[in-house]
Structures are given as structure tokens and as C-alpha cells.
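*Asks:* Okay, handing you the structure first.
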Amino acid sequence: MAQILPIRFQEHLQLQNLGINPANIGFSTLTMESDKFICIREKVGEQAQVVIIDMNDPSNPIRRPISADSAIMNPASKVIALKAGKTLQIFNIEMKSKMKAHTMTDDVTFWKWISLNTVALVTDNAVYHWSMEGESQPVKMFDRHSSLAGCQIINYRTDAKQKWLLLTGISAQQNRVVGAMQLYSVDRKVSQPIEGHAASFAQFKMEGNAEESTLFCFAVRGQAGGKLHIIEVGTPPTGNQPFPKKAVDVFFPPEAQNDFPVAMQISEKHDVVFLITKYGYIHLYDLETGTCIYMNRISGETIFVTAPHEATAGIIGVNRKGQVLSVCVEEENIIPYITNVLQNPDLALRMAVRNNLAGAEELFARKFNALFAQGNYSEAAKVAANAPKGILRTPDTIRRFQSVPAQPGQTSPLLQYFGILLDQGQLNKYESLELCRPVLQQGRKQLLEKWLKEDKLECSEELGDLVKSVDPTLALSVYLRANVPNKVIQCFAETGQVQKIVLYAKKVGYTPDWIFLLRNVMRISPDQGQQFAQMLVQDEEPLADITQIVDVFMEYNLIQQCTAFLLDALKNNRPSEGPLQTRLLEMNLMHAPQVADAILGNQMFTHYDRAHIAQLCEKAGLLQRALEHFTDLYDIKRAVVHTHLLNPEWLVNYFGSLSVEDSLECLRAMLSANIRQNLQIWVQVASKYHEQLSTQSLIELFESFKSFEGLFYFLGSIVNFSQDPDVHFKYIQAACKTGQIKEVERICRESNCYDPERVKNFLKEAKLTDQLPLIIVCDRFDFVHDLVLYLYRNSLQKYIEIYVQKVNPSRLPVVIGGLLDVDCSEDVIKNLILVVRGQFSTDELVAEVEKRNRLKLLLPWLEARIHEGCEEPATHNALAKIYIDSNNNPERFLRENPYYDSRVVGKYCEKRDPHLACVAYERGQCDLELINVCNENSLFKSLSRYLVRRKDPELWGSVLLESNPYRRPLIDQVVQTALSETQDPEEVSVTVKAFMTADLPNELIELLEKIVLDNSVFSEHRNLQNLLILTAIKADRTRVMEYINRLDNYDAPDIANIAISNELFEEAFAIFRKFDVNTSAVQVLIEHIGNLDRAYEFAERCNEPAVWSQLAKAQLQKGMVKEAIDSYIKADDPSSYMEVVQAANTSGNWEELVKYLQMARKKARESYVETELIFALAKTNRLAELEEFINGPNNAHIQQVGDRCYDEKMYDAAKLLYNNVSNFGRLASTLVHLGEYQAAVDGARKANSTRTWKEVCFACVDGKEFRLAQMCGLHIVVHADELEELINYYQDRGYFEELITMLEAALGLERAHMGMFTELAILYSKFKPQKMREHLELFWSRVNIPKVLRAAEQAHLWAELVFLYDKYEEYDNAIITMMNHPTDAWKEGQFKDIITKVANVELYYKAIQFYLEFKPLLLNDLLMVLSPRLAHTRAVNYFSKVKQLPLVKPYLRSVQNHNNKSVNESLNNLFITEEDYQALRTSIDAYDNFDNISLAQRLEKHELIEFRRIAAYLFKGNNRWKQSVELCKKDSLYKDAMQYASESKDTELAEELLQWFLQEEKRECFGACLFTCYDLLRPDVVLETAWRHNIMDFAMPYFIQVMKEYLTKVDKLDASESLRKEEEQATETQPIVYGQPQLMLTAGPSVAVPPQAPFGYGYTAPPYGQPQPGFGYSM
């Protein structure tokens, strides 16, 4: 039996299977902060990636393109911390957002999450904690101790409260790995250096201590051996006993001399220390005692990272092969292991108690029994209470304590036991009962309540029953905790807490008999019963049938409570609740009509029987409700006429629910019944629904009853809103007939809907006493003329006066016109005008009179109004017209009168006198009218004076338009007359601007010359001089130079710039020269005229530095570098030194540049100037001056100049410069170009730069200095990034031997890396294939196998390719290669070893084909190896197809135990072919999975009898008995025939065989067959057959046996019958006892049958002479 293990070991996944490159599985690239995530940094092609593996979904790794030096996942969430250089960032992957970032001043060499929100950062000097919460920066915790200097930091740990911090590092010393730790106390701020390799903190609570102790565990492998230390850090908490220090040896096997601890985790659940070593060993130690529990090797590779495994309270880690492994305590096995294997029962007991582990039951029972036997009951009680899994907390233990009598004055052992259990936790069900029974008997109920509150008792139904007799409320609490629903609900009902019943029942999913409960509650309290009933139906699905609940209410005649219940229960108004709604309304209509009225009024229900309820409402006197429910018109008309019993407002609304026809019928019925009583309601209904009922129908209905009063009130209610003209007309008619004249006036005044003509004619015909309505209609609709005629002809002149005085005085002009038309006297008209003073339009009155040529009629009235001080324009207009027509000094009136309208009067004068029109228009500033009059009458002088005085730019713009045909004469008058007369500058300014705006430059010049040059008051005006020159620039450039020379008071710089912009460069030059602006003048010569010779002459004449500078700049731009430099020197201007240097560089004027830069250096000690001066000296080959300059004080960038000299191949100068700045790298490059190779190598050694080594190396290769090249190359190849370029350089030049020599020499370097081994292997494959195999066998683990694979394949090195595929675990490719190139690559042992590891099973069949073709004699060996994974059916089909089955017979025999049909049939065919009948019979008996019938049919025709015998055997096996027997008879196999007939159990077949024996005269066979088929043969048939054939002697033994059996049966039957009779007699005398259990007989009594001889196949043949079973009845 295998030994039990105390640990459970599990491999969770293989990182390489997830596509992780093995090279990236290491301490520097893989991190695991917890068992949730693994984070790996990879480089795929040129892209850096971070792979995050979620351990809950490892098959879907997350890949992110992130370039970082390190990445660590948060222990719990998808938050990642990234480090790139000194920059730290924290990202939330799910939110895709950056949480925090910080840049450190020092490099972070190690970092780790120490909690869910804190990262520890370790630099070379200190340790920091960085919280990801808020905006906090990293906080320094402590400085690193000197003992950790030079160590590789491998871990950082803290205790639970982060009060103790531990930094761990390792270093190589004296050929061993030494561990160094720094333990730091946050509170004391002190550090202690400790030698150790792995450590962890733990919280441990010792027995008897109140608080947990903080333990520090660390392991060390020193020169003397390994030790595990467990100590308590800090001062023990108050009241705690200090934890005793532990120091135990850590065993390391002899073969692991260099092994040391690398990781430690402590299981908080089991208090076990997990220690892992470098060589993959795991050690388990008990935390409390330090005892070693278990040690074994779990990994052949180093486990370099670990974390706690929360799911199992164990440890999880990753080794270098990429296996993710976990180890945890096997709870079922650890205690038995400690007990049986370690033989440490004390530790087993201690761990079992401490961690509640099973496996120590026997130890605890033994200890308990021993203490109990000694009378040490208190200790026994402790053992029983502390035993894990409650193994001793049994009723038997309680009975044992109960059996012990209590000592006087002492607590009984039972109570001691219960006391210990209560201190530790909760009692179980039996313990709770046994404790509470005596407590309740003593009346100490408060103890029970206390224990229940503290959850010390396990509640049960039995405990509740026990408590209920004392306190039902307390019992309720027990029942609730015990979850006994029926008892809980019973207690709720008994204690009156019915509101909790439903809630509790729903909560626990219990369904009691709700109706029974309701009856009980209703009997006790109807109010509580109502409340309970409402709770039953408050959900969507009622708990009980509402009808049954209502029946319960009605049983107790609780109408009010039932109503309240139903109102609440039926509030959702469901269709299915219709009968209940009817029942609710019915009971209230019969017993409380007011309640029913309120319910109906709230419109809560809609699904009750409306017809039935309507009848009940009418009987109850609720006519309104009855009408709401009536649907028949007869019923409605019967009720609706009683309007005095109905609410009028409701009745009006009710009509809205009736159809139009029904409404009209009801209205007719109301008027017919009592028109006086019902008229008001009728009118209200008609008013509200006139749109639906049609106003015309209602009007006709009123008129049919001759009710004009009703019609008036009805139409009065709608006329204000109606747009129907007929309604308004009918309303006017009704108002007239009812004498409502004021209403007629109002509607005539306010309505806009009636037909005015129709109403006017009606009012004329009506002959009303008051004509005001008619006046209003005529006034509103402009029938004034008709009105005047009607009133004048009917002698109603007083209404004319009333009209113009009171109704509408503004209509006076129309009335006057009408009166003039009827030849009314002038006196009457004048009097009427005087009566209506100022309340009408004078213009209209003048127009009416003027139309009739009676204007003079108004002269006295007009003069009187002016005399009164009237300022109305119309009055003055009329008077002006009269004065103009009468020629009564009109011009004076027009100039002096300020009140008339200039446009009106001017228009009146245009044809009569244009001059007067101009006067009128000018007075009113009527510009357009004035212009038109002047243009039409050629009054241009007047117009020009008016325009100048007007000073309106817009007006000027309108007359100066090119489209104006009168523009030229107007301009002539402006220049000659208007401007000459003016002295106002503003008038001149506006006029000039107008000409400018109109774009009339020539006219403007003419105008300005008149003003400026003709010695006017405006001659020296600066703006006008500027304008004159600018206009000339624009219009006539020939005059510009003249104006420049004649005028002096203009803005020279602005004018000059404008001249330049208009390409008048000479004029601009003249202006600048005239005003001595020389810099601008020379600029014009340079930039615009472009004549540098004139500029040079001008500069010599001026001799100003600024002018020389401008000239120099221009010369420089034109490429005249030498002249430019001379000009800059004359200007003494070094400001443009950069442009000068650039130009000199381009043109090569180095000598001149030296002069310029020497001048510039005197003016400014610029670094650029001195740098360029050095380069210029180098270019002019003044090396002595250069060396003197650079050795003296200077600010030049010598390195930069050296690089330029180097680039331009001035290597001598570059040598001086690089030497000066000690740039050995560039010096070495320079020396290479000078051919000084040895000196170049020395310089490269001083520079120690990869780039320099590479450059010198390449130069040495080109110079064939291979020894020096190799010296350089050895410094390059250790850098993996540079290796490829170096190899390509050698290869491109064909120096393969030298390259291989260099790489072979480099393999021994300390910094030799994978790329070197890989590239050397590739070179071997190309140039020295004979050395390839040896190299791979030595260094296969250090080469990049995929890369070498490609090289080996390209070089056709098939054996080496197979070797690499095998090492790279690409077994499929290895097999394919061996099969494709068997001559070079195939080796039998290697092939069979690899083929079993392939992933693609298809290769098995290709391998079989390969062996069949190349190695047929070894095929069976291969098949034996492949058989575990081979599909045998497919293999057999293949061999059958190629007809090679005999070749693989050994394979077929070896796999036949699988009972495969194809294998069986193939082997059987081989046996038949080989005529091996014995092997065939053995195969058939052992393996039955083949086509039996097909094989039998094939064999029955075989020429060998043994094979035909097997055919009969097969027919027998398939129940083809007759065919089998016939075949035996044919081949004279008599024994087989008798045996098969016997086995068939077929009587007919056996008798046929007997007959055949007799026919063939085989009497001996007949006798043998009688006994062989004894059970099948019928004695009568045998007797008859023997008698007929006279062979009674052969049959006699058979008959003797038959007689013997039958006599035995009869004797047994007789004995059985006698026994039965005796039992019957005994039964008759026995009294009937009802208490005895009754038997259920499954069948009646039957005749006993003696036992028969056994038959095969579970079937018993009936005895001869007994009835055979029929189809359900006995025959």
C-alpha cells in the first residue's frame, strides 16, 4: 500500500503551453504578486509586450504592447504597476486609465506589492512605500544597511500591521550564496542586520494568551549547515506570555551541497511553515514547535517566485521550466501521517486541536477514557470539548458525566463540561437540551435568554417545546432559530403577532392552511382578522382564495370589515375579480347605500355586473348612479326627467356620455315633461354640447317649443365663442324679440362673425326705437354713406349729430361728404364742423372737400384754427395750398411757416412754381425730391450750394454716381462756385471725401489743385497735400515728382512707402533723400531699384555704419561674399556672424572669414565665433595657429570642430582636436584612418565604448589586422545587440575562419551569452558541419534552438536537426525529419523514444508506413511502442489494404486483449489461412467481438473437419441449434451433436436427433443420447420409440432412472401433504389476535411441486404430466 502523504501537490499550468518563450521565464522577467495573476515581459519581434495570465482563466492570456523594465500586478485587482527607467506608473487595465505616476531620483532595483494598495520600492540606498490612493508620493521608510551592499534583492516582507519590515538579498561569497537580511522596526526606527536567505512574518495565538503574537521566521544556510529560527519580535502584548524561541536544523541532502532556502510562506490556517530551496525541495515545519513535518523534492528546476495560495492555504510558485506548482496541507492525511509515520502523538493532538483537523480520533478517545478513569473529570471535560470535529461531543459523553455524582461544595462534572463548551462556542442539539432542562426546572430562564443572545445553543423543535411551557415568546425565538415553521406560525398566532405570520411564511417558504388560520384569528379579534386577511392578498398572487376569505367575514356578519378588506384586495381592478366587485357593491347597496355611493363615486371598479347594480341603485334612490349604469334609452329617459333629484353639474356631464340621438331624445323629453323646471338644465346641456349635437338642431328644438327666452340664453352662452354667422344673427333676433336692446348693441359692436348686410337690413326693417345698433353696424362696416342717406331721408338728423359727436367723430369727413352730396346747406355743414372740434382727420376733411372743389369753404375755419395756435401740419398744408392758388405771398409763408409738411406742399408746387418747390424741399431737407426738381429744371448751381451746405456723404454718393447724367454740370458748379464760396473746413472735407468715395481721381485732382495750389486758405493743409500726392500716385503718376518737389508739408515716410508699394521707387528715393533718411534711401536702392553700384556710391558718400551694414547684408545675399565681408568690416558690425560663416563655408572664402572672425572675436567672445575660427584655421591648414589657439583660453566647442574635421577627412587637425578634449573613441577612429592601428586599439581601450570597438574592429578587418580585430571583437560579441552586425561584417568579406576563431575564443568569456553560442552553431552548420554535433551536445541548453533549427535545416544537417527538435520538445518535427531523411537521421532507439511523445497521432500511421517501406523487420517493435495510443481498427484496415497482416501477427496477438473487432477478425483470418484450428478455437473462446455468423458460414464449407466443427460450435453459440446439430450429424460428430441438443433445451430437436440415430442404426448413440438429453426427452415418446424399434434394452437404464425420480417425488409430496394438514388443524384451534402483524399474500395456495433437476440458463422445465402455462389461464 502506498504511503499516505501529508501534502497535496498540483501542477496548475505550463506557461510554455500558453506560448510563453522559455527565455522569458525568469526572476527578472516574470512576477507573481499573488495567486491571482502571473505577469511576464516578452519581446515578440521588435515589439515589447506584457503578458498577464489570470489564474482563474489561464487559457486566455492578456497581451498588451508595453515597453517597461518591470511590471507587477496588484495582488487582487487588474491594476498593473510599470517601471521604465526611473519613471513609475500605475494603470487600471479594466478602466484603461492611468491612476498614478512618479519619477524617482534613484533607480529602483526591486519593487513589490506589500498590500492591496501599497507598493514597496527598493533603491540602492533606501526603501520607500508608495500608496496608490490619493496624490501621495513615495514615503521613505528606512535606509539600506551596509551589509546589503552589492546584494541582489530577492524579497521584501512586512508583518500584518506593517510595523516590522524585512529586506532580503543574496550575494556570492567564497563559492557559496550568502543571504543578508535587514529587519527594521517602524516604531523604534532601528535596523538589525541578520544572515538569512528566506523569511516571513506570522500572527500566532498561543494557548492561554489573549492576543496574537507577531512571529518572525527565517531560514539560513551557513557554512555549518541550515537553520530555521522562529522568534517573537517586539514586546509581547500586555497579558501575553512571550513566545519561546525556536531554532531547528534544516536538512539538506548530501547531493545538494550548494542548496539553500529561496522562499518561505506561512499558512495562517494551519500554522505551518512552507520552506522551498533552490534545488526544488519543500520542507514543512510546525510553527508552534518548529518540528519538521515533511520534506521532499517537488521540482527538478529552481522555483524562483512564490506566493500564498489562498484557496488551499498553501504555497504556489513558478519554476524555470514554466510549471506553475502548488503545495498545501492534506487535511485528511496530515494527522495520521504525524501519528503513524512521525510517531509524534503530542504534535498530532496539538495540531488537531489547534486547527480542528481529523485523524486523531483514537488518540483523543484514549486520552479521554484514561482521564475519566482516573477521576480527573475537569481535564477529561477539556479533552472532550477540544477534540476536533466534535468527535467526543456525543450523547454517550453526556451520559457518562451525568452518571458521576457531584461532590459536596463542588460543581458537578456535567456542569464543568457544559461550562467549557459554552466558553469555547456553541452547544449542539443534544447538549442544548440536556443543559436547558435542569436550568428551566430551577426557574433560571434569564440564563437561557443570555445563552440565546450569545448564540451558545443549537436551537431545535424539541428545545422549543421544552421552553414553550415556560415562556411562549422565548419559545418563539427558539423555533425561529431552529426553523420550525409550523410551530413559529402557531406561536405568532397565540401571541397576537399576526402581522408577522405572512412575512415569515414567505421568508422560509412554508405554506400553512391560511383559511383555517384566518378563522382562528377572526374568532379572537375581528380587527386583527381583517389585518391578517389583507396581508394574505397584498401580493400579486394571493396566498388564499379571496372568495373563501369573504365567506369567513360573512360567517361573522362583518360587513364593514369585509368592505374594508375588499376595497384593499380589489384595488388592482382585475377582470377576474368581477364577481367579487359585484358582491361588494351588492352588500353595501343593501346595507349601507352611502358607502356604495362613495365606492361608485371613486370609480375603483369596472368589472362588476353593471345592469344588476343599476337596478339596485335605482331601488336605493341613487338615481345618479343608476343613470351611470343604465344603457337602455327607456330607462335613461325615465330617470333623467327628475332633474330636481339630480346634481345639475353631474347631469350636464352625463349627457356627454350619450350618443347624439339619445341626447336629443332626452332633451326633448325634459322639455315635454316640465319646460319651466328643466329649462335651465336644458340650456346648460345645450351650451356645453352644442358642437356635438349641432347648433342648428338645438335652435330648431327651441323654436319648435317657441321658447325665444331659452334660445336667447342658449345662444348667449355660445355666441362669444362661436364663429357661425347664423348663430350671431339668431342671437340678435332673439335679443330684439326679448327686448334686450343693450345686448343687441353689444353684439353689434363686438362681434366679427355676423353678416353685416343681413343685420343692417334686419335692423332697418325692425324699426327699433333706438337707432344706435344700426349706427354701430354701419360705422363698423363702412356703411356710413348709406346711414347718412337713411337718417337724412327719414328725418333722423339728430342721430347724425349723435353719430359724429358720440359714436365716431372721426367719421365727420365722410359725413360732410355725404351731406355735400345731398346738397345740404353750407351753414348746417359749417355748424356741424364747429360742433365736432379736433376729433377727426383734417387731411381727410380737406380731401373730401377738395374732391368736390369746395376747399375755400374751409378758409375761415382754417384761419381760426391757426389763430388758436394749432400746429397740426394738415391745417397748415391746406392753408398753404390756398395761399399758393391765390398767390397770396406764398414764398414768405413757405420760408417762415415751420408747421407745414414740406413734401406735401413741395409736391403741390412742382408743376406750379419749381422755385417754390425748391424752397419747400430745402426747408424740409427733402433731398431726393430737391435733386429731382433741380435736375428736371437745370438748377445745378442751387443744387451744388445745397449739397455743400448739406454735408451728407450718402447724398453726395447718390449724385456722383456714374449713371447720373447730370454729374458733369453739377461737378463744374461745385468746383467753380460752391467750394470757392465756402470757408467751412468741414464742408470742404466732406466734399473731398465724397469725390474720393465716388472714385473720381481726375476730378478730385482738379478740385484739390483749386484748393491747395491756388493760394487759398487751405494751401498749407497737411492732409490735403497728402491727398493730392496720393491721388496723383493713383491717377496721374507724371505729376507725382512735381508735387513732391513743390510741396513741403506732407508726411514723407508714409508717402514714400506708398510710392514704393506703387512701384514709384525713384520718387520714394527722392523723398527719403530730401528728408535725409539715408538708411531707407539705400534700402530703396538695394531692394527695389536693385542697383548695388549706386548703393555702394551712396554708402561712400554718406559713410554711415548703418548704411554699410545694409549694403553688406545685400552683398551677402547676392553671393558677393568677399565684398560683403569688406563692407561688414567697414561697418564694424559682427552681428551677422552666423550668416557670414555660412556664406564663407559655401563659397570657400576661408582667408577672408579668418579676418572677419578675428574682428568679431574682439567685439564678442561668442562660443560660435571661436568654434568657427578654429575650423577656418583648420581649413586654411594653419595647424600651428590652431594648436596655439586651442591650448589657450577659449569658449570653442572643440569636440564639434573635431567631428567636422573628421567628417571632411582633415584627420591631422581632428587628431589635434580629439587629443585636446581626450575623446579617445573618436581619436581611435581618426588614428584608424591615418593607418595607426595599434594606437587606434589603445585609444579604443581607453574609450571602452562599444561603438568605438566596433569601428576599430571593422577598420582592422578591412586592413587585415585580424589579431587586432579579434582583440576588439571580443569586446563586441558580449553585447547581444551588436553581435549580428559584427558577424555580417566578417561574412560579407569572406573571413569565415577568423570569425569562427574569434567566437570560439569568446565562449570562455564571463559575459558569454546565448547569442554567441547560437551564432557559432550557425557558422558551424555553414562552414564546419563536422563540429556542429559536438558543439550542440555541449551547449544545446545555451543556444537559441529555433534559430539553430533553421540553420541546420538549410545546411541539410538532418541528424543535428533531429537532436535539436528533441531538445526543443518539437517531437512531431523530429519524427518527420527522421522519416524524410532516414539515411542520415534515423536511429531506432531514438525514433522509438521520440515517437511516443508526439502530439499529432497521425504521425503514428506515417511512421508505420515508413517502417513498412524501410524497416519492415522492425515493424512489430514499433507497433508495440505505439499500441497505447494507436487506433487498432485503423491500423488493421491499413495492413489489410497493403496485404501485410501476416507481417504484424505478433502485434495483433499483443493487442487482442482489447477485444477489438477488426483485430479479432484479422487474427481469425490468419489462423484460418495457416490452418491453425487450435489457435482459432482459443481466440474465439477468449474474444467474442467479431461477426460470429459470417465466420461460421465461412467455416462450414472448410475442407478440414476441425474447422467445420468450430463452425458448429459458433452456430451453437448464436442459438442456431438446429444448424449446429445438422452440421455435426453431417461430419459424424455424434458427441457434439448430443451435447448441443442438450444445451438447446429444445425437446423437439432432441427427439429428432434420437430418430436420426435410429435411422442410421446408431443404437449405442441412441442410448448415450437418452442420458445426455435426459431433461428434454418425454418418457412416453422414448418408450414408444424403443418399443417400435425393438431396442428396449438400450432404453431400460433411462426408464429405471425415470421411475426412481418419480417415486421420490411422490414420497415427498405425500410427506408435504401430511405436514400441511397438521398445520391447518393447528391454525383452526389458534385464537385470533388482532395485535399481530398480518401477512400480505401475493398468491393463493397451490399444490406443492417437488424440486426439479436444475436446467441451464435460469429456466426450470415443468415436470412431466403437469399442465403447461398458457396465455393467462390454465388449460
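Glycine residues also receive a Cβ, built from the backbone N, Cα and C atoms like all the rest.
Feature table excerpt (Swiss-Prot):
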- Ala2: N-acetylalanine (MOD_RES)
- Thr105: phosphothreonine (MOD_RES)
- Thr394: phosphothreonine (MOD_RES)
- 2-479: region 'Globular terminal domain' (REGION)
- 24-67: region 'WD40-like repeat 1' (REGION)
- 150-195: region 'WD40-like repeat 4' (REGION)
- 196-257: region 'WD40-like repeat 5' (REGION)
- 258-301: region 'WD40-like repeat 6' (REGION)
- 302-330: region 'WD40-like repeat 7' (REGION)
- 480-523: region 'Flexible linker' (REGION)
- 524-1675: region 'Heavy chain arm' (REGION)
- 524-634: region 'Distal segment' (REGION)
- 639-1675: region 'Proximal segment' (REGION)
- 1213-1522: region 'Involved in binding clathrin light chain' (REGION)
- 1550-1675: region 'Trimerization' (REGION)
- 686-828: repeat 'CHCR 2' (REPEAT)
- 979-1124: repeat 'CHCR 4' (REPEAT)
- 1128-1269: repeat 'CHCR 5' (REPEAT)
- 1274-1420: repeat 'CHCR 6' (REPEAT)
- 1423-1566: repeat 'CHCR 7' (REPEAT)
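Tell me about the surroundings of these features in the structure.
*Replies:* Thr105 (phosphothreonine) carries neither a helix nor a strand DSSP state and counts as coil. Around Thr105 (phosphothreonine), the C-beta neighbours below 8 angstroms that are at least 6 residues distant in the chain are Lys86.
The Cβ of Thr394 (phosphothreonine) lies under 8 Å from the Cβ of Tyr430, each of these being in the same chain and 6 or more residues away along the sequence.
Nonlocal intrachain contacts for the region 'WD40-like repeat 1' (24-67), taken as residues 6+ away from its ends with a CB within less than 8 angstroms of a stretch CB, comprise 12-13, 15-16, 18, 73-76, 78, 80, 82, 84, 93, 112-113, 154, 304-311, 316-318, 320-322, 324, 326.
For the region 'WD40-like repeat 4' (150-195), DSSP puts the residue distribution at 0 helix, 33 strand, 13 coil.
Counted with DSSP, the region 'WD40-like repeat 5' (196-257) comes out as 0 helix, 30 strand, 32 coil.
In the predicted model, the region 'WD40-like repeat 6' (258-301) shows an average pLDDT of 94.
Residue counts for the region 'Flexible linker' (480-523) by DSSP state, with H, G and I taken as helix and E and B as strand, are 33 helix, 0 strand, 11 coil.
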*Asks:* By Cβ distance under 8 Å, which residues at least 6 away from the ends of the region 'WD40-like repeat 7' (302-330) in the same chain are close to it?
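*Replies:* Here the qualifying positions are 5-16, 20, 22, 25-27, 30-35, 38, 55, 262-263, 265, 267-270, 272, 274, 276, 278-280, 282, 284.
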*Asks:* Excluding the flanking five residues on each side, which residues at least 6 beyond the ends of the region 'WD40-like repeat 6' (258-301) place their CB within less than 8 Å of a CB in that stretch?
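*Replies:* For the region 'WD40-like repeat 6' (258-301), the list is 5-7, 9, 154-155, 176-177, 179, 197-204, 206, 215, 217-221, 226, 228, 230, 246-248, 250-252, 307-308, 313-315, 317, 319-321, 323, 325, 327-329, 331, 334, 337-338, 342, 344, 347, 350-351, 354-355, 357.
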*Asks:* For a three-state summary based on DSSP, what are the helix, strand and coil counts in the region 'WD40-like repeat 6' (258-301)?
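*Replies:* The counts are 0 helix, 25 strand, 19 coil.
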